[in-house]
């Protein structure tokens with residue numbers, strides 16, 4: 001009996017120790033990612049940038065050559081059309097039969113438009129050189145694209161209108177009583193065909 005009593009007393013006297021509960025996320029070791037090799041990343045980015053600059057410089061050189069050819073073509077078309085004229089060998093006391101580009105407003109606008117386009121292409125060559133020296137520069141390329149689009153529209157309008165006049169001059173139109181003047185002014189029409197083909201080549205460039 002004494003042993004049981006002493007045992008029960010010891011159980012009552014012994015303090016109950018509770019194990020602390022670990023909250024989630026506490027007491028756990030954090031796993032850190034290995035440090036990134038920034039030097040390798042920067043080197044790879046630099047190599048990609050150099051390769052991109054290389055092919056963009058090649059495109060800029062090709063663009064410069066095309067602009068130079070297109071400028072020469074536009075100037076040649078305007079000069080050829082402006083110097084095209086023919087005077088018939090026969091004349092009267094009051095009349096002298098001659099043909100000039102100023103006789104048709106369409107041909108006059110053709111000369112003006114090609115002069116403007118040729119001047120623009122000449123002035124755009126320095127911007128093209130900037131694109132060669134700085135191939136990753138965006139503003140010069142964007143400026144050239146916008147201006148090229150506008151100039152190509154002007155060239156297409158002038159060339160299309162001139163093509164219609166050239167067709168009427170060669171074939172005429174019976175509905176509007178337009179006589180084929182190329183039967184009388186053959187040399188004038190032959191010289192006028194060459195300037196009309198030059199803007200077509202210019203649009204290709």
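Glycine too: its Cβ is placed from the backbone N, Cα and C atoms.
Looking up the ranges 86-106, 149-169 in Swiss-Prot, the one annotated as transmembrane segment turns out to be 149-169. Relative to the membrane, Swiss-Prot puts residue 80 on the same side as residue 175. For the residues 37, 173, the entry in Swiss-Prot flags N-linked glycosylation site at a single position: 173. Listed as Cβ neighbours of the transmembrane segment (110-130) (distance under 8 Å, sequence separation of 6 or more from its ends, same chain) are residues 60, 63-64, 67-68, 70-71, 74-75, 77-78, 81-82, 101, 137, 140, 143-144, 147-148, 151, 154-155, 157-159, 161-162, 195-196, 198-199, 202.
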